[in-house]
Amino acid sequence: FLGAGKPPMYGDYEAQRHWQEVTYNLPIRQWYFNTSDNNLLYWGLDYPPLTAYHSFLCAYIAKLINPDWIALHTSRGYESQPHKLFMRTTVFVADLLVYIPAVILYCFSLKETSTKKKASICALCILLYPGLILIDHGHFQYPLSLGFALWGVLCLSYDWDLLGSVAFCLALNYKQMELYHSLPFFCYLLGKCFKKGLKGKGLVLLTKIAGTVVVSFAVCWLPFCTDMAQIMQVLRRLFPIDRGLFEACMFSSPPPRLANIWCSLSVLIKIKNIVSPQTQLKLSFAVTFLSLLPTCIKLTVQPSLRGFKFALVSCALSFFLFSFQVHEKSILLVSVPVCLIINEIPFMATWFLLVSTFSMLPLLLKDGLLLPYAVTMLAFLSVCAASFSIFEKTSAEDLQLKPFSLSLKGYVSWFKSFPKIVRSLFLLSVTLMGVLSLASAAVPPPHRLPDLFPLSVSVISCLHFLLFLVYFNVVILWDPKNSRSQKKIS
């Protein structure tokens, strides 16, 4: 794993182990504060309380197996094969308990996957998504926040709005990055309340949802609610505004290697040097808000399950491209909602999921995951191509662009050759990703341009994501459908 045997930080694996050490050995009031026993500069907790509780649970089990794994201070940088097996097992158990069941139940609930075979194929494609496999098991993180979010989507698809609200609150209280998905959840549920009428059933539903959210957050934050200083310190850890638009320490050297707009632009304009952190925050907020506003308005005015799922993709992608303090791994917050619509637009979904994994290539190469990256990418592309016949589904209708093409009223003649253009672009894109992947792994960069390959990966991925953002917004805004027909009706 990345950072193994390399003091002083040892890598993300050590971060998870250290959180177990801290949560088990220190009282709750010290978990987020800098003390002699909890140096926040050494992998200090910077995720919400549910992550801390999960770390404590894992630590409790670790203590029963080998107390040395979480011994205060002396366990720093601890590495052994039994401990690696234990940590990998905790990720696998989290997959089995939360993420995988949500994927399987979701696929079996879809109207389009009416047979068990189709549902199984859909679930297989989603579970084979390379990005999540490589990050959760290769780079090391837990899939719980994404799993809880999927349970939220699944519950809403059955009109279990209160259970869906609880599930998403758990996701948000596990990782604050679930804010990427918060607006679609909010707008969809608010739109349902408006549709029922705010003077009758809609008001009752709104009151129930608001109460459910408040209670869910209160339960998660209860140990920290005894003191306002505790709450404020946790919030400061969750939202490090003073760090600036993006964090240089995420990368081994400049220029940055993140496929969002700010890092790509920083190659030409040194934004962090000419704009104060507060102004960076305001700029980021304004651009992000404007980019997702049309989708949110459409979803609130015309709430539908189909629109909700596409809005999850569009809003998360806007956050990834334009928001504050983004990490390479945050693209997973876009990719998982894309997995949910892979049965509706298999060609574009497969393309996006390949690009999303490719965008993390510099991170994966640093982790020594070249072979797993190549194998999982080829396996995923092969399974999707065989299962969904993606190359046969490139017409404007298959890509959900028929309403948009009709609105042009014949002004754009190239829609007739649209499938051929799209397939050519896809092959060009895949070829470019393959060449850059090989060059990044095997070809020494020019001496004067040591960051040529990672920078190329970031910029090319960013351009892809901008085009995907336009595409998803077109699909959403020109969608005439306003029903929850995607739900399987039994």
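A Cβ is built for glycine as well, from the same backbone N, Cα and C atoms used for every other residue.
Per TrEMBL, the feature transmembrane segment maps to 85-108 (among others). Here the transmembrane segment (85-108) has long-range neighbours at 13, 16-17, 58, 61-62, 65, 69, 116, 119-120, 122-123, 126-127, 136-137, 140-144, 146-148, 150-151, 153-154, 157, 339-340, 343, 488, meaning same-chain residues at least 6 beyond its ends whose C-beta is under 8 angstroms from one of its own.
Annotated transmembrane segment per TrEMBL: 120-142 (among others), in sequence order.
Taken from TrEMBL, the feature transmembrane segment covers 148-172 (among others).
If you look up TrEMBL, you'll see 202-224 (among others) marked as transmembrane segment. Outside the transmembrane segment (202-224), and at least 6 residues removed from its termini, the chain residues within Cβ reach (under 8 Å) are 28, 48-50, 161-162, 165-166, 169-170, 173, 189-190, 192-196, 230-231, 234.
According to TrEMBL, the feature transmembrane segment maps to 307-324 (among others).
Feature annotation from TrEMBL assigns transmembrane segment to 331-358 (among others).
Residues or ranges marked as transmembrane segment in TrEMBL: 370-391 (among others).
Positions annotated as transmembrane segment by TrEMBL: 425-443 (among others). Outside the transmembrane segment (425-443) by six or more residues, the chain places 347, 351, 354-355, 358, 361-362, 365, 370, 373-374, 381, 453-454, 456-457, 460, 464 with a CB less than 8 A from a CB of the stretch.
Within its own chain, the transmembrane segment (455-478) has Cβ neighbours under 8 Å at 255-261, 263-264, 267, 291, 294-295, 298-299, 307, 310-311, 313-314, 317-318, 320-321, 345, 348, 352, 355, 358-359, 361-362, 399-401, 403-404, 407, 429, 432-433, 436, 440, counting only residues six or more beyond its boundaries. According to TrEMBL, the feature transmembrane segment maps to 455-478 (among others).
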Subject >> the transmembrane segment (370-391) in contact with the transmembrane segment (120-142), cutoff 8 A, at least 3 CB pairs, sep 6+ >> reply: yes
Same-chain residues at least 6 beyond the ends of the transmembrane segment (148-172) with a Cβ under 8 Å from one of its Cβ atoms are 48, 50, 98-99, 102-103, 105-106, 109, 178-179, 181-182, 185, 188-189, 192, 205, 208-209, 212-213, 216-217, 220, 305, 308-309, 312, 336, 340, 484, 486-487
